[in-house]
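Asker: Checked Swiss-Prot, it gives:
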BINDING   10-18, 29-35, 59-60, 116-119  GTP binding site
MOTIF     32-40  motif 'Effector region'
REGION    168-188  region 'Disordered'
MOD_RES   CYS185  cysteine methyl ester
LIPID     CYS185  S-farnesyl cysteine
Amino acid sequence: MTEYKLVVVGAGGVGKSALTIQLIQNHFVDEYDPTIEDSYRKQVVIDGETCLLDILDTAGQEEYSAMRDQYMRTGEGFLCVFAINNTKSFEDIHHYREQIKRVKDSEDVPMVLVGNKCDLPSRTVDTKQAQDLARSYGIPFIETSAKTRQGVDDAFYTLVREIRKHKEKMSKDGKKKKKKTKTKCIIM
């Protein structure tokens with residue numbers, strides 16, 4: 001069974017834990033209890049393939065930022081979460097993305113942009129803004145509500161699909177490189 005290491009990143013209070021717990025336990029946690037770091041595992045079937053999701057729910061608070069490099073190193077894919085009623089959390093996404101790319105030493109890291117709390121009427125981040133940002137990054141965008149469960153499965157499953165595409169691309173690139181190294185030389 002394939003295991004996928006997913007990491008949920010974003011500013012404090014955007015609902016990273018609420019999304020993760022909604023996926024894992026099917027219930028909404030409405031009290032805010034800042035996370036230091038929590039790990040969850042769940043077996044799911046995505047596109048007919050049974051797989052194990054190993055999800056790391058991370059601290060959004062700045063005082064835990066030193067831990068970020070470590071979990072970013074081990075993650076295969078990242079849910080970059082902001083709250084649709086918090087413009088600052090949306091602006092912070094750029095910093096998380098840059099840090100992920102730096103730590104992974106790659107421009108091409110599987111990510112999904114997630115606009116959480118879409119059940120709230122007090123939107124400050126327009127859907128089009130988020131779609132434009134995701135398009136500029138070349139990643140999918142999904143609006144979610146941990147409260148109503150809207151888009152929760154879709155966000156995590158889309159990330160798994162992005163990881164699969166990435167792995168497939170990497171193995172094709174690897175085969176191309178191997179073929180290139182098998183050139184024969186003649187010494188005269």
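Placed from the backbone N, Cα and C atoms, the Cβ positions cover glycine too.
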Asker: If you skip the near sequence neighbours and keep only those at least six away, which residues in the chain come within under 8 angstroms of VAL29 (GTP binding site), Cβ to Cβ?
Answerer: SER17, ALA18, ILE21, ALA146
Asker: Of GLY10, GLY13, which of the binding-site residues has the most Cβ neighbours inside 10 Å?
Answerer: GLY10
Asker: Please work out the number of neighbouring Cβ atoms within 10 Å of the Cβ of ASN116 (GTP binding site), leaving out its own Cβ.
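Answerer: Other Cβ atoms within 10 Å of ASN116 (GTP binding site): 30.
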Asker: For the motif 'Effector region' (32-40), what's the model's average pLDDT?
Answerer: 70
